[in-house]
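What TrEMBL says about this protein:
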DOMAIN    B:6-167  domain '6-phosphogluconate dehydrogenase NADP-binding'
DOMAIN    B:170-288  domain '3-hydroxyisobutyrate dehydrogenase-like NAD-binding'
ACT_SITE  B:Lys176  active site
Number of protein chains: 2
Amino acid sequence: MSEARNVAFLGLGVMGGPMAGHLARNGHKVTVYNRTAAKAETFAARHPGARFAKTPREAAGGADIVFACVGNDDDLRAVTLSPEGAFAGMRPGAIFVDHTTASAEVARELFAAAKALGLGAVDAPVSGGQAGAENGALTIMCGAEPEIYAQAEPVMAAYARACRLMGPPGSGQLTKMVNQIAIAGLIQSLSEALHFAKTAGLDAAAVIDLIKNGAAQSWQMENRTKTMLAGEFDHGFAVEWMRKDLAICLAEARRSGAKLPIAALVDQFYAEVEAMGGKRWDTSSLIARLER
Amino acid sequence: MSEARNVAFLGLGVMGGPMAGHLARNGHKVTVYNRTAAKAETFAARHPGARFAKTPREAAGGADIVFACVGNDDDLRAVTLSPEGAFAGMRPGAIFVDHTTASAEVARELFAAAKALGLGAVDAPVSGGQAGAENGALTIMCGAEPEIYAQAEPVMAAYARACRLMGPPGSGQLTKMVNQIAIAGLIQSLSEALHFAKTAGLDAAAVIDLIKNGAAQSWQMENRTKTMLAGEFDHGFAVEWMRKDLAICLAEARRSGAKLPIAALVDQFYAEVEAMGGKRWDTSSLIARLER
């Protein structure tokens, strides 16, 4: 357990809420802010010593580290750069750690803004989902200056299974993008495989049970096949969130010149899933599109 | 070890050769046939008790089980149904076991032809590659009548890590297709992820080392990333073989009505890899196409 610090946490959603809880249980003095204030009040009531604030600026006052886990680039700019944003309240030398999955561009923009104010900044998107947040077993991918990272890392340990500095500011977001790109076509291929198996009259579960020992194996195959075959799509990351992430990937690829033909096509497939009413289904719902 | 049987093995390629060797070492009396006769002669010289034959028909005479592992549907018809094919030499009650990755159609055709002659038939494609064949650690996916499968299974145990009856004749081939469909888009996604990482200036190996603990994990990610990043494409199944398999998958899907958009597109990507001179590169060479 790290030395107790004064910390602020902005955004108490399905990820941020449990993460802030781990910080409080690890002995840090936590002040929370949430756009819907009731959540912040409830959090403070449930965690001894925790307080809530009415603005990010107020939450950030006196904090050594300010964490954020919000929806997207615009939400992130609002809680940091606006007049009532955190940056206006942070003391020089304090560090901003962003757990939002956002663009590498906004990560660099916030780093520059922080630097100008004498603040540190770490872009630190996570993977592991709601369960990972609740169990304190997230993978955290960081972009930062090494000396800033070194200060933030012991505090993030409260909810990390693995936490790694991947490079300069923006590198955390870029690493998270690599993860999402690898997953997109993988789930589509698994969907096609299961769909093909069912159409061929095979026992798809028995097929997976056999082939999962070989070169087709994946975490998705081991953990999502059963629910996919049952048509249950409420076991993880939602389609609309995945589309947000893929939009970030595709925009970054447009800048860097990287070619992502399958990621781009799977994004379009997810658009069709959304049109089927699947915005909130989990990412494995690509199979539902094949089975219309 | 199973009771010693008289067996024939047709096709001593990189897969069939080691498989026939395991049969000989397990005490079975093996007669081999190969289109290029020299390989069969060499095999017989190296394995005490083994013999070679000049035609499939001659090899099959007196065998309890005749195995084949040849190139494609046409090769398979040639070694079974032609006048000098195995079926003309097999005694009633003998069993034909086909380890070729072929169409479900030809599997059903050979089953019917075998049945009419009083023979049994098992379609039994394998996965695990050359290493799996050499180490006797193949996964074998079978389609057959249960009582026929029960006779063949103890003999196949000579080179099986897992051997499973998946359903009636053709089901082994269909199961292998599910495996290839699952792999096709997975490798493309992994290629896009690595390509994106490099283009973004990340240390791609470090990225994979971090994300392989989560939902993007796959056998391909764990076993092929290093060689893909090094541009080494000589570590497994060749592009031209994958295209043969994908052609079978796409033809079967055309019959069954299954939709395979990504498998179809990845097949086209492999056509581009072939045009780059990559017919014999391994399947992970999809990344080379992105990096042209």
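Note that Cβ sites are derived from N, Cα and C of the backbone, with glycine treated the same way.
Sequence-distant neighbours of B:Lys176 (active site) (same chain, six or more apart, CB under 8 Å from its CB) are B:Thr101, B:Pro125, B:Val126, B:Ser127, B:Met141, B:Asp245, listed in sequence order. The residue listed as 'active site' falls within a helical segment according to DSSP. For the domain '3-hydroxyisobutyrate dehydrogenase-like NAD-binding' (B:170-288), the DSSP-based tally of helix, strand and coil residues reads 88 helix, 3 strand, 28 coil.
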